[in-house]
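Asks: What TrEMBL lists as active site, proton acceptor 2 is Glu372. Feature annotation from TrEMBL assigns active site, proton donor 2 to His513. For His371, His375, Glu399, the entry in TrEMBL reads Zn(2+) 2 binding site. According to TrEMBL, the feature disulfide bond maps to Cys140-Cys149, Cys340-Cys358, Cys538-Cys558.
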Amino acid sequence: MTIDPRQRSRNTFFLCFVVCVVLRISDAVSKTQEIDYGMLDRMNDEFELLNRAIANLEWQTFKNRSIVPLEVYLQFVQLKLNRRNGWCAKLMDLRDNGVSVNPKLLRFLCKGPKYTNEMTRKIAVINEFLSSTYGSAQICKIEDYKRKCYNDESDVTKLMATSRNERELRWIWTAWRNRMSHTKELFRQLVDLQNTAARKNGYADIGEYWREEYEIPDLESMFEEMYQRVEPLYRLLHAVVRFRLAKLYPDVVDMSLPIPAHLLGNLWSQSWEALIDVIFPNYTAIMPNLTNSMIQENYDVIKMIKKVNDFYVSLGFPSLTPEFWKNSIFEQEMGRRSSCHAIAVNMYNKNDFRIIACLETKSEDFNVIYHEIGHIQYYMAYQNQSSFFKNGINSAFHESIGDAISYGAISFRHMRRLGLIRNASASFASSSEINSRSQNSLEMAILLRQALLKIPQLSSGLIIEKWRWSVFSGRTKPSRYNTSWWTLHHRYMGVVPPSPRSEKFFDPMAKFHVAHNAPYAGYFLGNFLQVQLFQGMCEASLGLTVGSTAFNLPLHKCDIYRSRDAGKFLRSTMKLGSSADWRHALRVITGYSEYRVEPLLAYYEPVREWLQREVERHRIPVGWD
């Protein structure tokens with residue numbers, strides 16, 4: 001991909017302009033002896049410009065990894081960190097002299113690790129290497145006397161989802177991880193640098209800082225307790241999946257042991273929906289092929305995004321902006337050297353919100369679109385907040401908006417609206433009416449597929465952060481990185497590698513969020529929160545008070561399409577950005593002021609009953625040695 005010299009010149013001019021303006025604002029702020037609106041406005045303008053500059057650089061990097069020199073990006077990151085430290089020191093000094101300072105503003109400016117410029121440089125270099133190693137990963141083999149290669153996450157995940165050849169799956173799974181194993185020492189250095197910076201600001205380690213955004217004293221214990229509530233459901237699902245896989249791979253799967261990780265239809269074993277035709281009897285006979293239905297209805301990627309936009313608009317959300325349609329990249333472009341991991345981007349420029357992805361006309365990508373547009377809608381909602389609060393309440397809220405909406409979109413009724421299910425009726429009336437006939441119902445097939453997608457993400461998400469938090473705290477030493485990783489998978493997922501993985505390997509790096517040093521707690525908590533938000537929207541759509549005990553509709557039957565009441569409370573809290581209190585926001589949207597497991601259990605109760613019947617009918621053992 002070539003770069004227009006005029007575009008490069010415009011980018012350079014803009015970045016130089018940002019530096020000049022920031023330095024002028026900085027000088028004005030340094031002379032201020034008290035907090036007034038003028039000072040806050042100047043600080044806000046400075047932060048807005050820096051965010052916009054960094055977003056522009058990151059967008060160019062997302063488009064093509066070779067465009068932006070690391071040194072240029074690093075200069076702006078360091079400038080932002082230095083200015084933030086300066087703002088913090090200024091406000092702390094004013095507070096110590098009796099001036100009233102907004103605690104949320106002070107927390108925003110003063111929290112987090114304290115990096116020196118040299119530490120920032122080292123971390124940026126390591127992060128660049130790790131993320132580019134992941135993004136450019138390629139695995140190759142000889143096939144029919146020719147070299148056959150699979151490029152990046154996109155190619156590999158497709159093959160993992162579609163192949164039923166055990167030897168091929170074993171090769172893909174192993175080759176992908178072997179490709180990352182040389183990064184272990186750099187990861188160790190990254191941990192040390194982040195811990196050092198965190199301790200300079202009073203944290204025990206970087207993990208404590210990562211957990212701080214949730215404002216819950218013992219987040220790890222809360223996560224463990226939440227998971228224990230859903231673990232019986234996970235173990236039932238695991239048992240039935242293992243039972244079906246044992247029939248497909250009798251020489252590989254043992255009915256009393258953990259499942260080999262390469263057989264679960266996913267590169268990381270975190271979602272198993274690709275196995276729905278293996279798990280649910282007669283699935284292909286009763287459930288239309290949704291991708292084929294999309295093709296028959298003349299769907300393409302643009303039509304898919306428009307349908308998702310229509311769902312959001314029907315709930316009272318604003319339509320996607322012209323800038324979104326003009327600037328986003330929806331499909332893989334020839335010659336573009338970038339990761340296909342979908343990303344939503346806030347450009348910090350009015351109405352300029354974008355996604356970059358490698359979408360295809362297939363039903364699975366509807367989930368991706370709903371998720372990313374959820375981020376875009378959040379960006380749009382809080383764009384009028386000050387720069388200090390242009391963020392979600394916490395990462396779990398940001399990760400949950402799109403998925404909460406998608407729970408409404410996967411209902412049987414809405415899929416019929418989209419033309420994806422025709423001439424079909426759902427006979428599944430309630431969770432108490434499970435019988436042999438209802439096994440063939442479309443609703444049950446939809447529910448089970450959703451369970452295969454979502455429930456394994458709970459155990460997988462817990463594992464990722466428990467492992468990293470243990471690494472950050474020093475409980476897990478570098479000499480046991482890989483051993484600890486697989487010990488947790490055995491304990492929480494009942495999953496093992498297809499062959500022994502010693503400490504010469506570094507398998508955590510095969511996961512995008514580890515390679516990109518991105519916290520994952522928001523995904524774990526978000527999997528509970530999204531159903532909680534969906535239930536609140538469902539209750540509002542029925543005219544009930546949120547949290548009402550009068551709500552008795554099976555949650556999976558709720559149809560929120562075209563209900564502005566369903567989206568009203570959600571939109572009102574999204575507009576507040578990170579200035580909102582999470583307990584208050586939850587109470588407004590759901591009627592409760594804490595994160596709850598009950599909505600998720602209620603939604604999947606029909607699945608739990610179906611799984612229990614399967615276990616009893618086939619005498620399937622539950623659990624693993």
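Along the chain as shown, the residues are counted starting at 1.
Cβ atoms are placed via backbone N, Cα and C, with glycine included.
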Asks: Taking Cα atoms as reference points, which of the recorded positions Cys340, Cys358, Glu399, Cys538, Cys558 is nearest to Glu372 (active site, proton acceptor 2)?
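Replies: Comparing Cα positions, the candidate nearest Glu372 (active site, proton acceptor 2) turns out to be Glu399.
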Asks: Near Glu399 (Zn(2+) 2 binding site), how many other Cβ atoms are within 10 Å of its Cβ?
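Replies: Result for Glu399 (Zn(2+) 2 binding site): 25 other Cβ atoms within 10 Å.
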Asks: So what sits near His371 (Zn(2+) 2 binding site) in its own chain, CB-to-CB under 8 Å and at least six residues off in sequence?
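Replies: Sequence-distant Cβ neighbours: Ala342, Glu399, Gly402, Asp403, Ser406.
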Asks: Which of the three DSSP-derived classes (helix, strand, coil) applies to Cys149 (disulfide bond)?
Replies: strand
Asks: Excluding His371, His375, Glu399 themselves, which residues in that chain have a Cβ inside 8 Å of the centre of the Cβ atoms defining the Zn(2+) 2 site?
Replies: Ala344, Glu372, Gly374, His398, Ser400, Ile401, Gly402, Asp403, Gly526
Asks: Nearest to Cys340 (disulfide bond) by Cα, among Cys140, His375, His513, Cys558 (recorded positions)?
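Replies: Result: the closest of the recorded positions to Cys340 (disulfide bond) is His513.
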Asks: Restricting to the chain of Cys558 (disulfide bond) and a gap of 6 or more, list residues whose Cβ falls under 8 Å of its Cβ, or answer none.
Replies: Gly408, Ser411, Phe534, Gln535, Cys538, Ser541, Leu542
Asks: Which residues in the same chain, at least 6 apart in sequence, have a Cβ under 8 Å from the Cβ of His513 (active site, proton donor 2)?
Replies: Ile464, Pro519, Tyr520, Tyr523
Asks: Under a three-state reduction of DSSP output, how is the residue listed as 'active site, proton acceptor 2' classified: helix, strand, or coil?
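Replies: Assignment for the residue listed as 'active site, proton acceptor 2' reads helix.
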Asks: Ranked by the number of other Cβ atoms within 10 Å of their own Cβ, which of the disulfide-bonded residues Cys149, Cys340 ranks first?
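Replies: Output for this query is Cys340.
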Asks: Out of these recorded positions, Cys140, Cys358, Glu372, His375, Cys538, which one has the fewest other C-beta atoms within 10 Å of its own C-beta?
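Replies: Sparsest of the recorded positions Cys140, Cys358, Glu372, His375, Cys538 by Cβ contacts within 10 Å: Cys140.
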Asks: How many Å lie between the Cα of Cys358 (disulfide bond) and the Cα of His375 (Zn(2+) 2 binding site)?
Replies: 17
